[in-house]
Structure formats: C-alpha cells, structure tokens
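Following this message is one structure expressed as structure tokens.
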Amino acid sequence: MFVILFLSLGSTYSKDFKALCSTCRQLVDNFDKGIEKTANQNFGGGNTAWEERKLSKYESSEIRLMEILEGACYSSSFECNHMLEENEEHFETWWFKRKTKHPDLFKWFCIETIEVCCPKGSFGPDCNTCVGGDERPCHGNGKCDGDGTRAGNGKCSCDKGYEGEFCLDCSDGYFSELRNDTFSLCKECHESCVTCTGGTNQDCKECRNGWEEDQGGACIDINECTNDSAPCADNQYCLNTDGSFSCKACNTGCSGCKGPGADRCLACADGYKDEDGTCTEEDKDVPEFNSEGVQTGESPEKHEDL
C-alpha cells in the first residue's frame, strides 16, 4: 500500500510502508545482534581499567555504538543504509538517553519514533486493531492485511478451510466442529463429500464425482472398472481407486488382460504360449544333433566333404 503525503511546499511523495517497516525491522534486528556481539568486548587499548575510569565504560560508550552501527546494514542494502543515515541521531538518542526506559528498540524506533510500523495485530496510518483483536487477528484463521505496518486495509485473507469477512465460516469441503462469536474450528469433510455436516462419508450433503449415495445415505466409491463399457484401451487393464480409476499396461506376454502379471491374460501375445494359465515365452528354434554329431536334417556327406 502506498500512502501519498502532502508537504507544506505543495509537493507530494509516496511511501511504501510495508517495505519501510520490513527495512526498519531488519535494521533493528542487526542492531540487536551487534549489541550481543559486543557484549563482552572492551576498548582493547591495553589498559581497560584506566580507559573506563577516565573515559567511560565501554558498555555504554560511543565507540561501542559506532561499532554496532557499522554492522547494522549490509553494504548492498541501499534501503537499510539510507534509513540509518537519515536516523543516526535517533539511535544516538536511544543509546544515551532512552535505552533504560525504553529497552525495546523496535517499538521505540520503528513504531513510536519514525512511525513506519505498528504493533502486532494492528494496521494502517493510525495502527487500527485488526478484526478479531490484536491477540488473534482474523480470529486466528487468517492474515490481516497490513498487520504490523502502517499500510493495508485490515481485510482478512482466510486460511484454507475458512471464509467470510471474519474468517469464522467454513468453506466448501469443511464442516464446523466448534464455533462461537469469537472462535471457529473447521475440519475437512470425508473425501467423498462436496459439502458435509460431519467427518464421515455418512455426513455428506452431496457426493463428489466418482462417488454415489447408497441405500443408507452414505457416499460410496463407484467402481468404474465394472462398467459394461470398458474405460481402458485393448491392451490395458482397469485399476479402481477411491473416486476414480486408472489404466495400466498389460504384461508383455498378454494380448488383452484383466489384471497385472502374465497369469491374468485374456489371450497370449505372439511368441508366447499358455502354460498352466500363464503366458510364457516360446522356446526359440534350437539345433538338434544326432549321435554322430550331425545336425538333424543335414546329410552326412556334407560333413564328410569338410
């Protein structure tokens, strides 16, 4: 969301508050890491006790502050470096005058001082509270547009299974297990249901495609593989699945089949023969020899000539 600001000189400029808040959060996070990194350091001049007595304690010194600020932004991050450059005096003020009373730098700097962020659960220029309250925006079932920034309109984007302005209603394929004015728990219907009142196939209001209602009112799977019209090609067999089916290739020994394997063939393919109900590959022609070593069908004179 871009907010147009009108300056006293009559010019206008826009601010992307979502991006600014993200930059501010990263800047503060890096600043806090710098505090942790320098927690056990000192002046490093060789006479720390004298330096801290005469100058100041390193813990609250300007030298430590400068070291932290030097690592607060990556050199490649123009946005972070620009924000730091514009607000370095604020960091100095917090470091020397506000740190004790306002230990939460993000809240003091990003929310209250430069006003680019909002507290969690609020949005927009005035940090209005999100639908459902700041503790559970969108009643815990969605995301509030602009949450935590000075941008957005507060509209809820509901999580899967929820719908409505307040994310308290259940969407198609889900049913309400528990609900009151501020809380809603939606659970998924049985896979056979389009809509439902509970979690079993007997609670369907409408069956999905591939399912049908039985005499007891439950949605049961339609076995497409038992239909009179074959759903698969000639050299395939039908495999039923819940709510659907798939076509699988027959074994190479089959010419048509009713299932996987060479023992489920309707007929054997060329080059295969039926042996006890299983299509097996026929033996290739193997030469036979008589007792004299002559291949059957050849004359002895042929071998004598050799």
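Cβ coordinates come from backbone N, Cα and C, glycine included.
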Please work out, from what TrEMBL records, which of Cys158, Cys170 forms the disulfide with Cys167.
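Matching partner in the record: Cys158.
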Can you check which residue among the disulfide-bonded residues Cys158, Cys167 has the largest number of Cβ atoms within 10 Å of its own?
Cys167
Which residue counts does DSSP give the domain 'EGF-like' (126-168) for helix, strand and coil?
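So the domain 'EGF-like' (126-168) is made up of 4 helix, 11 strand, 28 coil.
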